[in-house]
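What Swiss-Prot says about this one:
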- His24, His26, Glu170, Asp299: divalent metal cation 1 binding site (BINDING)
- Glu170, His202, His231: divalent metal cation 2 binding site (BINDING)
Amino acid sequence: MTSGMAQTVCGLLQPQKLGRTLTHEHMVMDYKSCYFKPSREQDLHLCSKKEITMQNLYWLRQNPYSNAFNLSLGDEPLEEIIAEVAEFKKEGGSTIVDNTTYGIMRNVEALKKISMATDVNIICGTGYYLDHTLPPEIKNAPIEELTQKMVNELTVGVEGTNIKCGVIGEVGCSWPLTPIEKKSLQASAAAQAETGAPLIIHPGRDESAPEEIIRILQEAGGDISRTVMSHTDRTIFNRSKLVELAATGCYVEWDLFGMETLFYQANLASDMPSDSQRIQDIKFLLDEGYEDKIVIAHDIHTRHRLKKYGGHGYAHIMVDIVPKMLMRGVTQEQIDKIQIANPRTWLTFK
């Protein structure tokens, strides 16, 4: 029985063994379906480069979705990504939730190899990503079929393996929601109700998106208290909206630590906050009394953010962010809640 347990790619785990947890990352994925043409015609020659160098690294930081090589993580052999995850372990990390779902090339067998090589607990996700990444057979499937596929991956195994998912999501949502994305949300809520699994959402890029998503989940029988709303740092810029979101009972996730860029390529109209601003917003929500509902991560989903290529890697929060949080008045007890207690509560099957 999964009730009262967490479920990793290597099997069931006592929740108290989860330790310091990154709640939203990717280790093995193909994000080429989310390619963006660069805004400058003269930069088109950089899109096909199959290497990351000192000469193109800054350009990639501003245009991460315009280079195919950058949009692939965890290529075989797995030594590159194993070394990156091992850095997280070395700095005191224990568990990573891989949010790669149907549409962006999840590979659960590779995740199990990474877990066994690094002794890091890895929890993989079931569910469906954004509309444009999904094939017609998924878009045309009834809710019941979408639900059953997720239930099977949570209780039986993924694609003929005995590797089971331990979370639903990240469930992809655009703004405005498309019909398949609404159907995916409804199916995710139904799968959560049936299995007791934790749920995590990728909201559309609008401050009203989380509110609409929560309403749909509630109407479909989802448990908001066991749901993470991802990407707060690129979605909500009004602190009153931030409090409204936390008041719904969901977990509020800042998951783009390390991503500091002048232009956020997926939404050029928004101003991506710095890590310092993320910490300030977290401190604000802590002071509002929501320390039990905050989780954090990096959402690494492009190669240039790995240490090998001059990026911050999976240990950035452990090495750089936690000390800065302490300097800004966040207590060690609050940090332990954010990194250990809150993820543990969320990841424990009901």
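Each Cβ is built from the backbone N, Cα and C atoms, and glycine gets one as well.
Where Swiss-Prot records a feature, it is marked here on the structure.
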{"residue": "His24", "record": "divalent metal cation 1 binding site", "contacts (Cβ under 8 Å, 6+ apart)": "Val97, Asn99, Glu170, Ile200, Val228, Ser230, Glu253, Asp255, Val295, Ala297, His298, Asp299"}
{"residue": "His26", "record": "divalent metal cation 1 binding site", "contacts (Cβ under 8 Å, 6+ apart)": "Leu73, Asp98, Asn99, Thr100, Ile104, Asp299, Ile300, His301"}
{"residue": "His202", "record": "divalent metal cation 2 binding site", "contacts (Cβ under 8 Å, 6+ apart)": "Asn99, Tyr129, Leu130, Gly169, Glu170, Val171, Gly172, Cys173, Ser230, His231"}
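Report note: the divalent metal cation 2 site is defined by Glu170, His202, His231, and the residues of the same chain whose CB lies within 8 Å of the CB centroid of those residues, excluding them, are His24, Asn99, Gly169, Val171, Gly172, Cys173, Ile200, Ile201, Pro203, Ser230, Asp255, Asp299. Most other Cβ atoms within 10 A: among the binding-site residues Glu170, Asp299, that distinction falls to Glu170. Packing around His231 (divalent metal cation 2 binding site) is summarised by its Cβ count: 22 other Cβ atoms lie within 10 angstroms of its Cβ, all protein chains included. Within 8 Å of the Cβ centroid of the divalent metal cation 1 site, not counting the listed residues His24, His26, Glu170, Asp299, the chain contributes Glu25, Val97, Asp98, Asn99, Thr100, His202, Ser230, Asp255, Ala297, Ile300, His301.
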